[in-house]
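Have a look at the structure below, then the notes.
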């Protein structure tokens, strides 16, 4: 075959694989086969000197650009007017209603009833991509002033989900947002000399970096949502435009909703606010835009904003405040960790007074000092984290000092990697109290009525120094505790006795194995079925369990090597604790061994209950649709997973059809 022809075929094939992997989340080729074809293409391009502008080899270069050139957008990239209350949305909606009524009263060609399209407002860097009449990406640019941006074509090409060539023969400008996912952010920060402060700066800084290789290291993603300019036939609705974007292979977010009333808009705002911190990228609100393009054109623009769209903004999830002090606390494992005491600041609707600092290495890398202004970030409803300092605030600040002894018991501290630990396992109150509370917890041994206050008294007054000591408690001694009368003492003893009959997964979780949570405990029990089998498990056997990686496997092996661990377990068993495993019989069903994806809202099942139901039927529940998916169960407001299932020919079931099958 002619070598140029072979290059063209390889480019087409590799771009198809990239689209499947980075946009659809589904790969039809192994990494090994992809790499083989990629390097075959590299060699052919070197040999012939023939390189297509949309070849995947053109995505990443080691070039350092001398400067950014300016790019004049064909169509302006507008800012959006912003609202922070439903009342402001109502006022905007009422203006639209008034305009529509007045226009339809005086015009022969009536406008359709108002319909709004809701999409997420991404918190990254706006980009504008230009494709020529051959469908080839020719320019990537930042928003800039809205009229003129900076040419970041080389940087944009490092985003692997962005197509370098599309099936379109009209000149086109398409708008989107370059973002950094939390996974990419955490990976970059784990290796970077200077950590990034937030996801938005990670994306913006990458695209505005003249060193393209540095941009590539940040592993950016992108979502597209608007065609700014297109030669040829115009779109009639925004939904038609969004479908065009999707069919051309651009990455799009799953969330697109149609609303016609304020009540519907309010429900969507509440929904997105609830899931905001569960996303692996940042959003700062919702965009509400009129669907009908003719209505948009007639409404027009103010000097700054389009009148036909508005952004509902959420409370900020990042802020700056002053670091007042650092408090060192001892955890269940004995790890001594720093917590920042902050000048109170409002963050995502919550008053924040404390934040995570992780360890001394983290403090040094971020340059955090007492008295400095610090960047604080809140996500996933966990304790906020300090991401860095405001450099201008460092004058007159003090260094944070590492403790020399345990802040709780005064014992010697030891270093293990980047962390410090208290060695006084039995005599350090916070360690022992937290260990006992964890052991007695609802998802562990489920000792009813047990509290941290009770654990503290057991440690201080009854000299409880191990979890097995709980099963040696005596009625008369419990009466010596504060607020313990005969009834409360007996209730506690009864609850402790009842806890002896427990599931193996609850017992395993109660032991407090590092990095083993409730779900991992369940997965381990399903695989090994007995404590004895788990104790003997090899590293290879452990990592074969779903979601058990190298770190978890090593934690389990090290845990069962400890002489004290084995002594405590044997003592618990000798005291009558009886962890048992009942192998659940999986019923024969059409779902046995099948891969099932659930999308949308179901009437009779929560996400947890449908997952449990499917697993009881022998199905494997997946979070994404691919060629390997056997069934998709679609509820109300099913999103892109439904569309993808249709395009792949996957069997789609309604909730009723699913129930009829079982």
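Heads up, the Cβ atoms here are built off N, Cα and C, so glycines get one too.
Note that this is a predicted model, so its numbers are computed, not measured.
Listed in Swiss-Prot:
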{"type": "ACT_SITE", "residues": "121", "note": "active site, N6-AMP-lysine intermediate"}
{"type": "BINDING", "residues": "31, 32, 33, 34, 35, 79, 80, 143, 177, 313", "note": "NAD(+) binding site"}
{"type": "BINDING", "residues": "406, 409, 422, 428", "note": "Zn(2+) binding site"}
{"type": "DOMAIN", "residues": "586-662", "note": "domain 'BRCT'"}
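Positions of Swiss-Prot features highlighted on the structure.
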residue : record                                  : Cβ neighbours (10 Å)
33      : NAD(+) binding site                     : 12
35      : NAD(+) binding site                     : 11
80      : NAD(+) binding site                     : 18
121     : active site, N6-AMP-lysine intermediate : 21
177     : NAD(+) binding site                     : 22
406     : Zn(2+) binding site                     : 23
409     : Zn(2+) binding site                     : 16
422     : Zn(2+) binding site                     : 26
428     : Zn(2+) binding site                     : 21
**Request:** Among 33, 35, 80, 121, 177, these being the recorded positions, pick the one whose CA is nearest to that of residue 409 (Zn(2+) binding site).
**Result:** 121
**Reduced DSSP assignment, residue 428 (Zn(2+) binding site)** = coil
**Prompt:** If you measure from the Cα of residue 80 (NAD(+) binding site), which of the recorded positions 121, 406, 422, 428 is the nearest?
**Reply:** 121
**Prompt:** Along the domain 'BRCT' (586-662), what average pLDDT does this model show?
**Reply:** 85
**Message:** Can you break down the domain 'BRCT' (586-662) into helix, strand and coil residue counts using DSSP?
**Reply:** 26 helix, 17 strand, 34 coil
**Request:** Work out the three-state DSSP category of residue 409 (Zn(2+) binding site).
**Result:** coil
**Request:** Rounded to the nearest Å, what's the C-alpha distance separating residue 406 (Zn(2+) binding site) and residue 121 (active site, N6-AMP-lysine intermediate)? Just drop the number here, would you?
**Result:** 46
**Asked** Out of 121, 422, 428, which of these recorded positions is nearest residue 33 (NAD(+) binding site) by C-alpha distance?
**Response** 121
**Request:** Starting from the Cβ centroid of 406, 409, 422, 428, the recorded Zn(2+) site, name every other residue in that chain with its Cβ within 8 Å, sequence order please.
**Result:** 330, 334, 336, 405, 407, 408, 410, 411, 423, 424, 427, 429, 430, 431
**Fill in**
If you measure between the CA atoms of residue 35 (NAD(+) binding site) and residue 121 (active site, N6-AMP-lysine intermediate) and round to the nearest Å, you get 36
**Complete:** Whole-number Å distance separating the Cα atoms of residue 121 (active site, N6-AMP-lysine intermediate) and residue 422 (Zn(2+) binding site) is 46
**Item:** Alpha-carbon distance [residue 177 (NAD(+) binding site); residue 422 (Zn(2+) binding site)] in Å
**Value:** 47
**Asked** How many whole Å apart are the CA atoms of residue 428 (Zn(2+) binding site) and residue 177 (NAD(+) binding site)?
**Response** 51
